[in-house]
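Engineer: I'd like to ask you about the structure that follows.
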Amino acid sequence: MCREDWSASIRRRPVRQAVTSDPRARRIRRALLARGSWSETNRVTEILRKETVGGIILLVAAAAALIWANSPWSQSYFALRDFELGGEWLGLHLNLTLGAWAADGLLAIFFLVVGLELKREFVAGDLRDPSRAALPIAAAVGGMVVPALIFVLVNLNTGDGALRGWAIPTATDIAFAVAVLAVISTHLPSALRTFLLTLAVVDDLLAITVIAVFYTDDIKAWALALAVVPLALFTVCAQRGVQKWWLLVPLSVATWVLVHESGVHATVAGVLLGFAVPVHRSATRRGQQVDHAERVGMAEYFEHRVRPISAGIAIPVFAFFAAGVSIGGLSGLSRALGDPITLGIVLGLVAGKPIGILVTTRVLSAVTRASLDSSLRWVDVLGMSMLAGIGFTVSLLIGDLAFGMGSERDEFVKIGVLSGSLLAASLAAIVLLTRNRAYRRIHREETADDDHDGVPDVYQTRQD
């Protein structure tokens with residue numbers, strides 16, 4: 001390619017990476033957090049729109065739980081949370097409290113969506129491209145390691161099993177995060193929205209791995225082996241495009257029950273079921289046209305139907321039962337905030353997450369000699385890393401697993417997660433609002449459609 005053609009292509013795509021025939025040079029010059037394709041931007045926007053609604057419902061549910069747990073009627077809240085429902089049938093132990101049903105059962109729906117997202121990202125999303133996947137994966141790992149190290153350092157001499165909570169400040173709650181973005185009304189650029197979502201997806205993968213490996217005690221091999229049967233049948237049905245819920249739901253429930261009985265946390269069943277669903281589907285099968293659900297892929301079909309249940313019911317109900325903590329006034333709050341476990345969680349979320357994500361991103365930039373996209377600044381990455389410090393749903397779940405629901409340390413975990421998440425959200429809002437004028441300008445560029453063809457002009461140079 002001649003110099004004039006090369007320069008012209010750069011002028012046509014002012015915020016894209018430089019084009020060169022040398023693959024090694026292409027990797028070197030690739031911009032970090034570059035704008036994605038129109039189809040990918042549309043998909044991310046739709047997901048975050050649903051998560052925003054779910055995040056607002058989550059905040060309302062958590063606030064209601066806090067108010068009730070600290071009211072004169074607090075005993076009725078804890079009685080409701082600890083009310084046992086279920087029984088033991090065929091040797092299966094399903095006599096759980098309502099709080100446990102929410103944590104083990106409803107969150108499995110959330111992790112089913114996580115599994116679908118992960119499958120979609122690795123097969124058809126940003127994570128399928130190693131050069132684009134490197135940043136969110138590295139950032140997620142950094143955002144997990146540093147908060148965990150901070151928690152361990154703070155609690156190194158605490159003793160009595162305090163270090164079991166090392167993973168609590170490592171999670172990111174995407175629903176809470178996008179609810180914060182909705183409240184502050186910032187016009188976040190598409191590249192940052194995609195980065196936040198992909199980071200959260202990888203973060204969820206790391207979280208479920210941690211839960212399965214570090215918070216599983218005794219395993220019943222027979223139950224785990226039996227769980228393979230309904231999971232395999234579910235996989236066959238999904239691969240064949242079966243959409244009959246009267247068949248899929250019982251298979252899903254059977255998988256969940258057996259995984260729960262095995263000793264592995266039942267939410268792992270949700271991820272496995274999500275992984276079983278195919279992303280792509282041919283437009284024809286045996287020479288015949290298939291319907292829209294199969295044509296777009298069963299993963300998208302499942303996600304469109306399950307995500308509203310996850311965001312609107314499963315996560316808010318879990319938050320309602322998990323966030324209720326009796327603070328005990330200013331003296332109780334002061335005592336809780338002075339506890340090493342609470343302090344380790346707050347520091348991990350507020351300081352550890354931003355440090356881990358930002359430093360990892362800077363190191364990746366230096367190692368690959370890739371500069372940040374020209375429309376963005378490093379303060380934008382700082383704002384995103386602070387927003388990732390909102391660790392609510394999964395952090396509360398890990399706290400329950402580490403110290404036991406209702407224990408004194410579990411109460412400290414809740415105060416630490418709530419305090420750390422609110423502080424991280426406030427700091428992120430301050431940083432992002434300082435850039436809102438630039439975000440509005442980028443938003444105008446990303447939505448301008450002078451030729452009125454339905455695709456913003458800035459995406460016209462990309463092949464979707």
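Cβ atoms are placed via backbone N, Cα and C, with glycine included.
Small disclaimer: the values here were computed from a predicted structure and weren't measured.
Annotations per Swiss-Prot:
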{"type": "TRANSMEM", "residues": "53-73", "note": "transmembrane segment"}
{"type": "TRANSMEM", "residues": "96-116", "note": "transmembrane segment"}
{"type": "TRANSMEM", "residues": "134-154", "note": "transmembrane segment"}
{"type": "TRANSMEM", "residues": "165-185", "note": "transmembrane segment"}
{"type": "TRANSMEM", "residues": "195-215", "note": "transmembrane segment"}
{"type": "TRANSMEM", "residues": "219-239", "note": "transmembrane segment"}
{"type": "TRANSMEM", "residues": "257-277", "note": "transmembrane segment"}
{"type": "TRANSMEM", "residues": "313-333", "note": "transmembrane segment"}
{"type": "TRANSMEM", "residues": "340-360", "note": "transmembrane segment"}
{"type": "TRANSMEM", "residues": "378-398", "note": "transmembrane segment"}
{"type": "TRANSMEM", "residues": "412-432", "note": "transmembrane segment"}
Engineer: Which of 53-73, 195-215, 219-239, 340-360 shares the most C-beta pairs under 8 angstroms with the transmembrane segment (134-154)?
Structural biologist: 340-360
Engineer: Counting Cβ pairs closer than 8 Å, which of 165-185, 313-333, 340-360 has the most of them with the transmembrane segment (195-215)?
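Structural biologist: It is 165-185 that shares the most Cβ pairs under 8 Å with the transmembrane segment (195-215).
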Engineer: Which residues, given as numbers and ranges, are at least 6 beyond the ends of the transmembrane segment (257-277) yet have a Cβ under 8 Å from it?
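Structural biologist: For the transmembrane segment (257-277), the sequence-distant neighbours (Cβ-Cβ under 8 Å, at least 6 residues beyond its ends) are 92-94, 104-105, 107-119, 208, 211-212, 215-221, 223-224, 226-227, 230-231, 234-235, 238-239, 298-299, 302, 397, 401.
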Engineer: By a Cβ-Cβ criterion of under 8 Å, what residues six or more beyond either terminus of the transmembrane segment (313-333) are in contact with it?
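Structural biologist: Distant contacts of the transmembrane segment (313-333): 54, 57-58, 60-62, 64-66, 68-70, 74, 77-78, 81, 98-99, 102-103, 106-107, 109-110, 175, 392-393, 396-397, 400, 411, 414-415, 418.
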Engineer: Answer with yes or no whether the transmembrane segment (412-432) touches the transmembrane segment (165-185) by the criterion of at least three Cβ pairs under 8 A, sequence separation 6 or more.
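Structural biologist: These two stretches do touch.
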Engineer: Below 8 angstroms Cβ to Cβ, which residues of this chain, lying six or more residues outside the transmembrane segment (96-116), approach it?
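Structural biologist: Hits for the transmembrane segment (96-116): 80-86, 201, 204-205, 208, 252, 256, 260, 265-275, 277, 299, 302-303, 306-307, 309-310, 313-315, 317-318, 320-322, 393, 397, 400, 405-406.
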